[in-house]
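Participant: Take this structure first; my questions come after.
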Amino acid sequence: MTSKRGIKIDVKNLNFWYGNYHALKDITFPVYENKITAIIGPSGCGKTTLLRCFNRMHDLYEGARYEGEAILYPDEINLIGKNVDPLLVRMRIGMVFQKPNPFPKSIYENVAYGLKLRGIKKKSILDEKVEKALRDAALWDEVKDRLHENAYSLSGGQQQRLCIARAIAVEPEVLLMDEPTSALDPISTAKIEDLIVELKKKVTIIIVTHNMQQAARVSDFTAFMYMGELIEFGPTEKIFTKPEKKLTEDYITGRFG
C-alpha cells in the first residue's frame with residue numbers, strides 16, 4: 001500500500017543537524033514504491049547522512065536533530081518524528097552497508113537472527129523463511145549444502161548477498177543500501193546490481209552510490225545532492241541525459257566530483 005500517487009516515503013523540508021552543523025537543508029522529494037531511487041553527489045554532500053535519516057541511525061549519536069517530515073505510507077507516520085520509536089522504524093526499513101558485515105555465526109543463523117528476534121521459533125518456519133531469503137538474494141544454490149558453516153567462509157560478494165538476505169528475511173517495506181558494491185570486484189558487483197533490480201518487485205529501494213554508471217544502470221529515479229542540498233530529482237534517464245541544473249550536468253559529465 002502506498003499513497004494515491006504511488007509514493008512510499010514523502011520527504012518534505014527535511015533538515016538535519018549534527019550538533020551545530022547543519023548537514024541537510026530543506027530536502028524535499030518523493031520515494032516511489034517498488035522503484036529504485038539512487039542518491040548521487042560528491043563526497044561529503046550528505047548522501048549517506050540522508051539515507052541514515054530514514055531508519056534513524058543518527059539517533060545513536062548525541063546531538064543529532066531532525067526537522068521536517070519523512071512520511072511513510074500507508075499509515076502516514078513521520079519516520080523522523082520525535083514520538084516515533086526508532087526501533088519500530090528499523091523493523092520496517094532494512095539496511096545494507098558499504099562493507100559486508102555478517103555476524104560471527106553460521107550462514108543459517110545470520111539469516112534467522114532477525115526472524116528469531118521477532119518471535120519466530122518454529123524450525124520449519126525458520127527453515128522456510130531462511131531458504132526464501134537466500135533464494136531472493138541469489139545465494140541459495142551456492143550455500144544450500146553449507147548452511148551451518150561460518151559466514152566468514154564466504155567470499156566478499158557472497159557475504160554481501162548474505163547481508164542482503166538477512167535484511168530481506170524480515171520483509172522490510174524499504175531497503176536502504178549504502179554503496180553496497182564499493183568493496184567488491186566487478187563480477188560480484190554485477191551480481192549485486194542484477195539482484196537489486198530483481199528485489200524492487202518486492203521492496204522499495206534507496207541506494208547511495210559514488211558510481212554514476214551504477215546509478216544509471218539500476219535506478220528508476222535519481223536525487224543529486226551537493227553540500228547538504230538536493231539540487232535536482234527526477235527520472236534517472238532525464239537526470240543523466242537532460243538535467244535541468246548546470247550543477248547536475250557538471251557533476252554527471254565529470255567536471256567535478
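Glycine is treated like the rest: Cβ placed from N, Cα and C.
Annotated domain 'ABC transporter' per Swiss-Prot: 9-252, in sequence order. Annotation comment: Swiss-Prot describes Gly41, Pro42, Ser43, Gly44, Cys45, Gly46, Lys47, Thr48 as ATP binding site.
Looking at the shown structure, what environment does each listed feature sit in?
Facilitator: Cβ neighbour count for Gly41 (ATP binding site) (all protein chains, 10 Å cutoff from its Cβ): 25.
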Participant: Any same-chain residues 6+ apart from Lys47 (ATP binding site) with CB under 8 Å of its CB? Would you list them in sequence order, or say none?
Facilitator: Ile39, Ile40, Gly41, Val208, Met225
Participant: Compute the centroid of the Cβ atoms of Gly41, Pro42, Ser43, Gly44, Cys45, Gly46, Lys47, Thr48, then list the same-chain residues not in that set whose Cβ lies within 8 Å of it, in sequence order, for the ATP site.
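Facilitator: Output for this site, in sequence order: Thr49, Met225, Tyr226.
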Participant: Can you check which residue among the binding-site residues Ser43, Thr48 has the largest number of Cβ atoms within 10 Å of its own?
Facilitator: Thr48
Participant: DSSP three-state call for Gly44 (ATP binding site): helix, strand or coil?
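Facilitator: Going by the DSSP assignment, Gly44 (ATP binding site) belongs to neither helix nor strand, so it counts as coil.
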Participant: Determine the most Cβ-crowded residue among the binding-site residues Pro42, Gly44, Gly46, using a 10 Å radius around each Cβ and all protein chains in the structure.
Facilitator: Gly46
